[in-house]
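Taking it in order: structure first as C-alpha cells, then the write-up.
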Amino acid sequence: MTSIANPRDLIGAEVVDRDGERVGRVGNVYVGDDNRQPQWVTVRTGLFGQRESFVPLQGARIADGGVRVQTTKDAVKDAPQMAADGHLSDDEGRQLYEHYGMTGGMPGQRGRTQPGAVGRDAAGRPAGGRNRDSRDEHTMVRSEEQLRVGTEQVETGRVRLHKYVVTEEQQVTVPVRHEEVRVEREPVRGDEPGRIGEDDQEVVLHAERPVVDTEAVPVEKVRLDTETVTEQRTVSGKVRKERIDVDDPTKHGK
C-alpha cells in the first residue's frame, strides 16, 4: 500500500473490502520487520465484535479517510485466529498468507505490534519514523474495548396453513307433507239409479320424505400475515481495558 509516515494514523480507521462493504475499524497495526511499513491490521469481527481478525494490507489504498483492502469481508471473517498481542510467528504468518492466497509471507515479512499500538523495531523505537520528537519515545497508547451492540435477523420458526376435513353431525328440521284418506258423505240425487252389489275403489296416497344431499360452498378466506413487535432485551459482554503502571526502581518507598 502507499507508504505511511506514521502507522499510528491507521488506528481507528474504517476498513472496507474490495466490494466497498464495511469490515470494521483498525485495532492494531503490524509493520514489516524489514521495511517498517504496515503489513497487517486487525479488525473486530463476529457477533458484538468478539473476534479480532487479521487483514492484509497488500494492495490496499487510503480512500475517503479509510482503508480499502483487496480481500472480501467473508475472507476476513473466516481468517485463522491469531493472538493480536505481539510478534507474528513464522507459522502464523504462513497460515495467514495461505488463507488469503498471497505470495510471500517468509520470515522477515511477518510484522510485529503491541496491543493498541504499532510495532517497534529492534532498538525499541516506535515504528513509522526514526526522526520523531523525543516526547513520542516516552508515550504509550492505551486502548480499551467498547461494547457495540447490534441486531441481526434470524429465522425463529415457520408457520404454514394446513386445511383438513372433519365430519360432524347436523340436525335440520324440514317440513314434509303427506296425503291421508278422508271419507266424505253426501246425499244422492233422486234421479241416479240404484244398484246392489260389491265394489272397490283404490286411492293412491302420496307423501314427501326428506332427501339429504351436500354441496360445497365457500364460507371464508384465511390468510397469514406478520407484524413486527418491538421488545426490550438486555445483553452483556466482557470488554478488556489496558492499564498503564509506572515501574520506576529509582523511587523506593514512594
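In case you wondered, yes, glycine gets a Cβ from its N, Cα and C as well.
Annotated in TrEMBL:
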DOMAIN    8-75  domain 'PRC-barrel'
REGION    104-139  region 'Disordered'
COMPBIAS  116-129  compositional bias 'Low complexity'
COMPBIAS  130-139  compositional bias 'Basic and acidic residues'
DOMAIN    140-246  domain 'DUF2382'
REGION    233-254  region 'Disordered'
COMPBIAS  242-254  compositional bias 'Basic and acidic residues'
Residues in the region 'Disordered' (233-254) grouped by DSSP into helix, strand and remaining coil: 0 helix, 1 strand, 21 coil
Per-state residue totals over the domain 'PRC-barrel' (8-75) - DSSP helix, strand, coil: 9 helix, 33 strand, 26 coil
